[in-house]
Amino acid sequence: MTVKIAPSILSADIMNLERDVRAADKAGADVFHIDLMDGNFVPNMSFSPAIIAGMRRVTDKPLDIHMMIENPDAYIKTVIDAGASTVLIHAESTQHIYRSIELVKKYGAKAGVVVNPGTPLETVKELFPIIDRILVMTVNPGFGGQTFIPGMTKKIQRLDQLRQTAADDNFDIEVDGGINSETIAQCAKAGADIFVAGSYLFNGQDGLESRIDGLRSVALEAKQ
Ligand code: DX5
Ligand code: ZN
């Protein structure tokens, strides 16, 4: 049974990013989630690929790159050379998602496809045999601190069922957006394995370690 907690550094203190990353690393983060946004694919801008090499200098944990950009193919090699472990590409951001996934694998990283709340799972079904991860967006992408969309729990459940019916489809299910101690239980029960959390982890008063531990134990319990 997989449960991984992935702090999203979008909600870290940008002026103290190194401090926050080291703290999250020490507090038990399994993997770091890095949002790249271009102001076109989503109505916000965030980190650019340069952040990845910087992150690589301060943590040995895997780095998951969430590409919220148009023309993602043009940046796949750059982010992998910089140290990306997994590259997550939106199905809606490219006309040829199959090719994008193949490119990620060719350059030696793990590949994941991301589906927006309004994108049906059927859109990415043909990718099941070649991907390592499906990231189900549980908010509309672009901003931290939004509210979890309740209907996404059913979508995760359906994805988990589809995964179980095909023995050779071996991917993890990840969720991103509005994850806290309540929504993580619903997602874990529905079949999610990897849980991105930004504002809940970095804006909490009780410290990163207790929040990461807390999320992990709720998820593990929900999966029993
Ligand atoms: C939103 C980003 C998320 C964001 C999540 O588009 O993809 O990774 O940081 O933030 P929270 O956990 O605050 O919803
Ligand atoms: Zn993200």
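We count from 1, first residue shown onward.
Glycine is no exception: its Cβ is also placed from the backbone N, Cα and C atoms.
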Per TrEMBL, which one of HIS66, HIS90 shares the divalent metal cation site with HIS33, ASP35, ASP176?
HIS66
Where does GLY178 (substrate binding site) sit in DSSP terms: helix, strand, or coil?
coil
SER199 (substrate binding site): which of the binding-site residues HIS33, ASP35, HIS66 have a C-alpha within 10 angstroms of it?
none
State which of the following binding-site residues has the fewest other Cβ atoms within 10 Å around its Cβ: GLY142, GLY144, GLY178.
GLY142
If you measure ASP35 (divalent metal cation binding site) to GLY144 (substrate binding site) at Cα, how many Å is it?
10
